[in-house]
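Engineer: My questions all concern the structure below.
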Amino acid sequence: MEKFISFDEIKKSLEKKETDCRAIVQYYLKNIQTKAHLNAFVEVYEQSALDQADLINEKLANGNAGKLAGMVIGIKDVLCYAGHESNASSKILKGFESQFTTTAVQRLLDEDAIVIGRLNCDEFGMGSSNENSAHGKVLNAVDESRVPGGSSGGSAVAVQANLCTISLGTDTGGSVRQPAAFTGVIGMKPTYSRVSRWGLIAYASSFDCIGVFSRTVKDNALVMEIMAGHDDYDSTSSRKSVLPYSQLLHFDKKAKVAYLKETIESPALQSEIKANTLAVLDKLKSEGHQVEKVEFPLLDFILPTYYILTTAEASSNLSRFDGVKYGYRTPNAHNLESMYKLTRSEGFGEEVKRRIMLGTFVLSASYYDAYFTKAQKVRRLIKDFTENLLNEFDYIIMPTTPSTAFKFGEHSGDPVAMYLEDLFTVQASVSGVPSISLPNGKDENGMPIGLQVICNSFKEAELYAFSNYLTELTS
């Protein structure tokens, strides 16, 4: 039997003095070593984690430890951590050591969380399978022949395989929720601007969010309430007050729930996922909640809008990686121009180069209005439609993904098929609203199924409370 399933269990063990922080870290280090073949961790901070644990043990003895004393976290390899490498799972940032710590990570450290290592991901967060990493692919612990999802595949597997208590990922178009669904854990994307992006290596700045993987809703809510809030280093971070989400998990009202006709009736939707989603909706009806089918005529436009805008932003954000100041520099250059070209050609992976070219194309003078400007207008339509729907309903429920985890190599030769894996997650990303993926049974092959719940902006407290209720309802 696994020793620690939730942070609540860890806290109880610490309070009863059945264990201490050093023993907890050693427990996770042993798990990481035993399951090293899953390739979830890029680097394990063994000594620094043990040193942190010893310091926190002293704080516990003195009665001045933080809220997260005993929590062991892994961080995605796009989140900077001072004095440690951060290379976004890319050859082009090989050897880059961060000079500062991501605000979200620092806030967890300030409450005495212990960072045990950095986690594998798709290069620069671009991918849906974790096959695009310079560190190699991550294996799904349920079936090692299948992908864990992406881009935060390492973060999902770290929680799935009990290699840490919680992990941090990033979600641009589903990169927390999709791997959470594929691995059977909980994955939360907050409202855009709820959590500071300072220290996050950017993919698409108007979409990127730092999210949380956990085994329980309460753990997820606790971490989110500590990370969230305004940050002077990020002008886009919201000044709205942060509620104590983990203390507001009681749900006792009748909810008004919408589900989208186009998602449930999508030809891409696996039959078992459809059945499990409808079963949850039926259960909600039987409990007296109002459940209605609504039409969402813009579904077919979400993916094109998302990929036009994110690739455009990526082509701009990734222009800084040129071999001049940090990271990889080609040894084959004979002048400045060839140094730029060869460094980027050799340093970036195939998928990143594909997205940079796509983004550069849609931003070019001849196509800017036809693609980029039009996509911005459609984004506004999608955002307005979603927010209007969420003003009428408390929650939108849909599958997290159209299929369960697929085999390695199944979509790698077909970028469009890979992009379609984001079909149901991009709505929340384009709209900027919070969204969570919850485990919802398994298919005939034993692969986890995810249920996605969407709520209106800055209503994380309501989303966590309803999610907690749903996990109890469906357990």
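We count from 1, first residue shown onward.
Placement of Cβ uses the backbone N, Cα and C atoms for every residue, glycine included.
Reproduced below are the annotations present in TrEMBL:
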type: DOMAIN; residues: 24-463; note: domain 'Amidase'
type: ACT_SITE; residues: LYS76; note: active site, charge relay system
type: ACT_SITE; residues: SER151; note: active site, charge relay system
type: ACT_SITE; residues: SER175; note: active site, acyl-ester intermediate
Engineer: I need the CA-to-CA distance for the residue listed as 'active site, acyl-ester intermediate' versus SER151 (active site, charge relay system), whole Å please.
Structural biologist: 5
Engineer: Determine, to the nearest whole angstrom, how far the Cα atom of LYS76 (active site, charge relay system) is from the Cα atom of SER151 (active site, charge relay system).
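Structural biologist: Distance (Cα to Cα, whole Å): 10 Å.
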Engineer: Could you pull the average pLDDT for the domain 'Amidase' (24-463)?
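Structural biologist: Computed over the domain 'Amidase' (24-463), the mean pLDDT is 97 on the 0 to 100 scale.
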Engineer: Cβ distance under 8 Å to SER151 (active site, charge relay system), same chain, sequence separation 6 or more: which residues?
Structural biologist: CYS121, ASP122, GLY125, MET126, GLY127, SER128, ASN130, ASN132, GLY169, THR170, THR172, SER175, PRO179
Engineer: Taking the Cβ of LYS76 (active site, charge relay system) as the centre, count every other Cβ atom within 10 Å, in any protein chain shown.
Structural biologist: 33
Engineer: Helix, strand or coil: which one is LYS76 (active site, charge relay system) in, per DSSP?
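Structural biologist: The three-state answer is strand.
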